[in-house]
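**Student:** My questions all concern the structure below.
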Amino acid sequence: MTQPLMTMRGIVKTFSGVKALDGIDLTIAPGECVGLCGENGAGKSTLMKVLSGVYPWGTWDGEIIWEGAPLKAASVRDTERAGIIIIHQELMLVPELSVAENIFLGNEITLPGGRMNYAAMYQRADELLRELGISGINAAQPVMNYGGGHQQLIEIAKALNKRAKLLILDEPSSSLTASEISILLDIVRDLKRRGVACVYISHKLDEVAAVCDTISVIRDGRHVATEPMRALTTDRIISLMVGREIKNLFPREPHPIGDVIFEARHVTCFDVTNPRRKRVNDVSFALRRGEILGVAGLVGAGRTELMQAIFGAYPGVSEATVVMEGKPLKIRAPVDAIRAGIGMVPEDRKRHGIVPGLSVGHNITLAVLGRFASAGRIDSAAELDTIHTEMKRLSVRAAHPMLSIASLSGGNQQKAVLTRMLLTNPKVLILDEPTRGVDVGAKYEIYKLIFQLAQRGMSIVMVSSELPEVLGISDRVLVIGEGELRGDFVNDGLTQEDILSAAIRPVQRSPNPTVASAA
């Protein structure tokens, strides 16, 4: 039997008297890929921060055995020297530096006298990229010239340059296209063949199944199960993660669909850096009361820019006529949209959704503070009462509402941003990638909420890159391709192939869809 490369035993980590990890065990062998699964807030990232030295030895209880000896790392530097490398969900690259400079950051090759040996670094960086089978990256170019997919691969090259024996990948595909994900999974398989162990953290269970040998599930800070991947089904993994059986991930509920309530006409957006280039070109669509409208398309198609323009949040020049209940609106900024009954939960919650310096509660009430103001003062008791009520209603899990929102899991941050928008009582709610980076349990709760809102007569626009999600939730689907409307389909027998075909080619399957009700 192969000797373990790393063993964690009885790991306990406490924050303010609350156990975030409660006696967790984890073992991994050379060349093995372990999928670490669990809901947001289950303790996955905390466990990996213990392993990678972010939380140094002495700040947690238990033991880590590395290559047969106790590991007592005082810092990330110590674990990296040992060969344990973590690639975080938020990449740690310096955009202005070259690819090679990023790969060698902190481990630079120098000439006598201490000057940088750029020629040697460029050569070695090119070798690393070739070893990984990565093409299309020039080691001398700044990292900011490359998209998220290439940057993820640069991070892996950086890890290999540090002679990684154990590579921890935390949600590595959250911002990648389908083709980039395929390249990533091939690289993980190649690393396994070389004897590099991997811990793969992802909510995308198809990826976990594709590359992982073993699945380890944690729930509420406790180890639930470790089983071979071949013995598990997706439904079984979900059940272990959430502690209950979810038979239908998309809990469709009948909801009546009324007359047209909202129209966006001739929406056009110009590129921020190149004002001659159109990111969105003359897109028009209508939305009915109680309707769930999915918006699909390839990455970079202009879906987010379309929604930002409607909401008054597009950073560049945009043109649009927005009509609510037959009345044209003047939307110059998001505050105008909110006052008119339009709410939006943005794609990038960390940059445009949450305010990291504020508490969970203050993030929730940020858009409606005027409700609690009297004579220039805030009625804190009334505000706190609303916060408690709304957090309970949407199952926003936090030890206390006055904790920093930055301390919450991604799923709970998303629900807090959603709660804030719902407090504005929108008639139309735009959700841009509402389940990105959240676990299966949180996704299910968000889907249930979407159907509940539709039942109450709210109209929903949901942008998503996950086609099963679009098909499972939507009454109607818009397809955007290269900034243009490529299709407007009733979701009745619609397939992923139909959507992709429309995204690639301007094919109109149902030019004038009408929907009376959804079941």
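Just so it is clear, glycine is given a Cβ too, placed from its N, Cα and C backbone atoms.
Pulled these from Swiss-Prot:
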- GLY38, GLU39, ASN40, GLY41, ALA42, GLY43, LYS44, SER45: ATP binding site (BINDING)
- 6-245: domain 'ABC transporter 1' (DOMAIN)
- 262-507: domain 'ABC transporter 2' (DOMAIN)
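Are these features on the surface or tucked inside, and what are their neighbours?
**Tutor:** Remark: SER45 (ATP binding site) has ASP170, ILE201 as non-local neighbours, by Cβ distance under 8 Å and separation of at least 6 in sequence.
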**Student:** Taking the centroid of the Cβ atoms of GLY38, GLU39, ASN40, GLY41, ALA42, GLY43, LYS44, SER45 (ATP site), which other same-chain residues have Cβ within 8 Å of it?
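**Tutor:** Same chain, not in GLY38, GLU39, ASN40, GLY41, ALA42, GLY43, LYS44, SER45, Cβ within 8 Å: THR46, ILE218, SER409, ASP439.
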**Student:** Long-range same-chain neighbours of ALA42 (ATP binding site), Cβ under 8 Å, sequence gap at least 6?
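**Tutor:** Counting only residues 6 or more apart in sequence, the Cβ neighbours of ALA42 (ATP binding site) under 8 Å are ILE218, ARG219, ASP220, GLY221, MET241, ASP439.
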**Student:** Among GLY38, GLY41, GLY43, the binding-site residues in question, whose Cβ has the most other Cβ atoms within 10 Å in this structure?
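**Tutor:** Answer returned by the neighbour count: GLY38.
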**Student:** With H, G and I counted as helix, E and B as strand and the rest as coil, say where DSSP puts SER45 (ATP binding site).
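**Tutor:** Where SER45 (ATP binding site) sits, the three-state DSSP reduction gives helix.
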